[in-house]
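What follows is a set of notes on a single structure, which appears directly below.
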Amino acid sequence: MPVTLLVLIPLLPLIGFLINGIGFRHIPKGAVGLIGSLAALGSFAASVAVLLAFKEGGSQPMIVSLFDWIKVGELNIPFSFQVDQLSLLMLMIITGVGSLIHIYSIGYMKHDPGFGKFFSFLNLFLFFMLLLVLGSNYVIMFIGWEGVGLCSYLLIGFWNKNTDFNNAARKAFIMNRIGDLGFLLGIFTIIHAFGSVEYTEVFRQATGLPVGDHVVFAITMLLFVGAMGKSAQIPLYTWLPDAMAGPTPVSALIHAATMVTAGIYMVIRSNVLYTLAPETLEIVAVVGAVTAIFAASIGLLQNDIKKVLAYSTVSQLGYMFLGLGVMAYSASMFHVITHAFFKALLFLGAGSVIHAMSDEQDIRFMGGLRKKLPITFITFAVATWAIAGLPPFAGFFSKDEILAHAFEHNKLLWGIGVLGSALTSFYMFRLLFLTFFGSFRGTHEQEHHLHESPAAMTIPLVILALLSAVGGFIGVPEALGGTHQLAEFMSPLFDTARQVNPEAFAATALTHSEEWILMAVSVAVALIAAVIAYVMYISRSAVPAPESEARTGVENVVYHKYYIDELYDTVFVKPMKSLSGVLSSFGEFVIDLFVEGTGKLVKGLSNLGRQTQTGSIGYYVFAMVVGIVVILFWNLLLN
Amino acid sequence: MYPIILLSFLGIVVLFLGFAKSKAILLPATLLFLAVALVGNFVEWNQGTIIYFYNMLAVNNLTLAFNGIVLVSAFMIVAMTRGFQDDDEAQPAEYYAIMLFSLVGAFMMIGFENLIMLFLGLEILSVAMYVLTGSDKRNLRSNEAALKYFLMGAFATGILLFGIALLYGATGSFTLTGIQAYIGQGNPSYLLYGGLLLVLIGMLFKVSAAPFHFWTPDVYEGAPTIFTAFMATIVKTAGFAALFRLLSHSFTGIYDYWWITLAVITVLTLLVGNIIAVYQDSFKRMLAYSSISHAGYLLIALTAMTPQTENSILFYSMAYSVATICAFGVLIPLAREKAMTGKPRETYEAFNGLARNNPLLAFVLTVSMLSLAGIPLTAGFWGKFFVFGSAAERGIIWLLVVAILMSAVGIYYYFRVIMAAYMKEGDTAEIRVAPFYKIVLVTATIITLLFGIAPGLFTGLV
Amino acid sequence: MQEPSIPDIIQLIPLKSYLILSTALFVIGILGVLIRRNAIVIFMSVELMLNSVNLLLIAFSSYKSDPSAQVFVFFIMAVAAAEVAVGLAIIVMIYRNTRTIDIGFLNKLKG
């Protein structure tokens, strides 16, 4: 395999970052966008070339050692890249979707004064993300992990000048730090247990351990805490909806398609360890399922177009963890891929809408946009169809595979998953209908301004729509007469895990007819939810109540129409609303309270500690003497 | 060995240069002398362990590397002292000479083989620092800081000496090998334990570990910033080198006895440093607490005392010193230019709008803060990684948990400065920095990034 | 009759007594630092601490018939003299600026 090609993959974005980062004051805007996008595209091209070379070379995983990095005593950490099925798939997603989003950003950010800064951060993000997935040991992964986190804060706070460490960035920051704490401790426990951080070495040693080993349990749990932070799982998820304060392409790239799936990547990468720790997997599955339904229920009644998508992302990540928990590793990866397509598409579509609406994000003031933004509408509809899990688009295949595995593992988890997919279908169609159907509810100026986005923005939309439509065919289940190419491709990754815990990998026990029934159930449920959404928001044109009292005439009418329909209100809307309300207040509020509380506690302690510094020498000497006496007393008399 | 002799002599030369009419020659001369000492230091590189003066001093690659860190730090700090000559009252020759002499003390601490050398080195360094702290004679804050430092420092010296006397009483020797041999015989007496604890306390005071840290914030704040930088880097590096030497050469035999005490002090230091730093408004004072917290991280490596400890401490001292010099280096011109009411502005607000005003300083500041916070791709990350790794190797997981939690708290106050520099609007009075000053800052930044990307370059040296 | 040598005289008193005496002096020094507010008196208390160390070292030296501790004592005395010079200079400087050497008034730096 050409090593230079491999090195180019992360290097190109880094070069792009340096050029744009150093010279953004001097380089004209056109060139900035071009450099940034070319860096991403070049990286994509190199990734494709590496993938082809990999397939040609017989799909043998290989470790490309670049240089000796650190050698401290026993611990030897080389700087090397691992090329195998998993890193290649991630490379394709990151560089592929990343390139599209770069191109999209040229159009979207055109009028922004921080254009150059934006592109340099985006390139830097790509660099760290590529490092994360390419590294052959946990330390490189951690460096990428921290790096993407850093870029994420920078970009969340991109539009927030003059606020003191603004709330959203701070929350993202604290929650991710909790996750990083887990990850770091996990790494050090790995060093303690195995004396190495290289994946191959760690897994080789792990094969000698029995299933259910305590140390492995500790390691996997700690790593999972890291994954919870980065991939926004309960209870560390509230930062992701807040992170929507950043520009929309950032939400698409970082907070939907790539960075937030790092946690899933990490678990799949460590599949040997997780397979050895069934208890951890159980916890992963439960956390994933609960997050899936919890976030979906909050998404039901959000009115901010990006917030809906954010909760949807949290929920979909929950599905991925559910898949990991029931050991459907390749199914989870499948969902990572399809989700990257349709969720990036949804965010970019939302960006296109926001662009057209002059930065309005509230869906209550949208409506009827399908005539003015036809391309955005069609692509958005494709993505909605895909995420709702309706055939034959991508989401159907990947979600169904996860649900089938969940069914085998635990019927309750499956039930939660199906319910969640009903909710998903409902809120996504609600979003679609409120945004694109009905009549326009915004101001006249906005209506006048409505326009389809430029080609730089619509072309990525179309490409992603195509991918969302056909992306699922890389993993058609046997029950539908297809071959699961993805699962076959990824199969060698799990050889070691299969060896250590063969029972866990037993072939599927479901018959084809059972699988058909499962598929039918989830499709039916999703369809019913879509129909309910249709009835509610198109037939009855219900619009969620605005928060303020002052309404324009049109809104008033709509509002009352919604209001008089009392029967319908009490039967369907109120329970749902209260459920969503309770969940969001109880969950989110408590979690945020905890996070804020931690901050306050530290500050309080700080103030308290500060007061010990009285400025008086006598007091200082006294404290010292007390210290000395305690130390001497403790050591000499008590020991 | 050579730098001790060279700097003792050259310090006197600097004093005589003070008689010259033009003070302009002092700075280049001092820098030249430091460079000479740096070259002299590495003459003995890779020659194994050499013992000098009848078992008084030892020289090996580790001590030379510590000397190197101290010398390079001193070089950078001295290079930043251009403002000296502007003040009519100041006697720059004296200050330069005292700095050179204090380095001699640092070298003696780093390479001591006999406790007499430890004591002498410590005193040479400390007495010099008392003088430098009070060098802003008219400034009450500087006066107060000097007196606090002096009284408490002398008190701590007394404790250290009593400990040394007890150690001597137990072992009949002042040498590290003698003490080690005594412990090797087994059944050490109470005098030894008491002596060890008191010596430890005396040293922990110098490196500002809690609960002996109280002098640090006040002294750091009151001292002229340039000497604060000197204290924060050189005194700390020398103090840890000496502590490491003492514990690793003599007391590994009774590790089980002292590690718990040290671990508790470590946790306390980490908590005090990181948590109190959160509430600070003054950047300079925050750096003082930050230096306490870094003492805590370094103590982790000492507590673990694995074969990697020496490398961890060396790397950490380097990363910390370089980043700290950058931080103070940015503060000095800023506080000077923004001084409105005579009192230098050292609060976070002074950094508002720095990125627009002077992008270079903002960048240097950012890298140094990231390094102090331990973010990857800076040297500070690897420092923490090695230190935490040694704790993991020893299996002291609870200490590790506290340390990682506290490093998360640390990010909060380090990022506050970065936010102020990039996100806030400030006055647009231009901040001018001499080209030479810029070179120093940029070099330090490059070192931080270089060893952040390729730490193997440094760890492979020793 | 031959005069007894000085080490012999020193050894007339048991080592333990020296230890107790110098510890007592040391603690008195510490208490002085703790209680007094006058910078010079505090300083004198520190000197007392140093001298108790000297006493202890001499006693040990004599009992172990090893002169190295006596050398150490000379160093301590020399260093203490240097410290006195610097310390008094600092105290004088403060007196010039504030007209007091009461450490209770020096608490501008805190927090």
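Backbone N, Cα and C atoms are what each Cβ position is placed from, and that goes for glycine too.
Taken straight from TrEMBL:
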type: TRANSMEM; residues: B:62-81; note: transmembrane segment
type: TRANSMEM; residues: B:93-110; note: transmembrane segment
type: DOMAIN; residues: B:114-406; note: domain 'NADH:quinone oxidoreductase/Mrp antiporter transmembrane'
type: TRANSMEM; residues: B:146-170; note: transmembrane segment
type: TRANSMEM; residues: B:190-214; note: transmembrane segment
type: TRANSMEM; residues: B:226-245; note: transmembrane segment
type: TRANSMEM; residues: B:257-279; note: transmembrane segment
type: TRANSMEM; residues: B:286-307; note: transmembrane segment
type: TRANSMEM; residues: B:313-335; note: transmembrane segment
type: TRANSMEM; residues: B:360-383; note: transmembrane segment
type: TRANSMEM; residues: B:395-415; note: transmembrane segment
type: TRANSMEM; residues: B:436-458; note: transmembrane segment
Restricting to CB pairs under 8 Å, which listed stretch, B:190-214, B:286-307, B:313-335, B:436-458, is in contact most with the transmembrane segment (B:62-81)?
B:313-335
Would you say the transmembrane segment (B:395-415) and the transmembrane segment (B:226-245) are touching, if the rule is that at least three C-beta pairs must lie under 8 angstroms and be 6 or more residues apart?
no
Could you tell me whether the transmembrane segment (B:286-307) and the transmembrane segment (B:190-214) have 3+ CB pairs under 8 A, leaving out pairs under 6 positions apart?
yes
Residues outside the transmembrane segment (B:286-307) whose C-beta sits under 8 Å from one of its C-beta atoms, at least 6 past its ends, are 207-210, 213, 216-217, 219-221, 228, 232, 236, 240, 243-244, 247-248, 252, 255, 259, 262-263, 265-267, 269-270, 272-274, 276-277, 280, 313, 316-317, 320, 324, 327-328, 331, 372, 383-384, 386-388, 390-391, 393-394, 396, 399-400, 403, 406-407, 410, 413-414
Are there three or more C-beta pairs under 8 angstroms joining the transmembrane segment (B:395-415) and the transmembrane segment (B:257-279), sequence spacing 6 or more?
yes
When you scan the chain for residues with a C-beta under 8 Å from the transmembrane segment (B:395-415), skipping those not six or more beyond its ends, what do you find?
263, 266-267, 270-271, 273-275, 277-278, 280, 286, 290, 293, 296-297, 300, 303-304, 369-370, 372-375, 384, 387-388
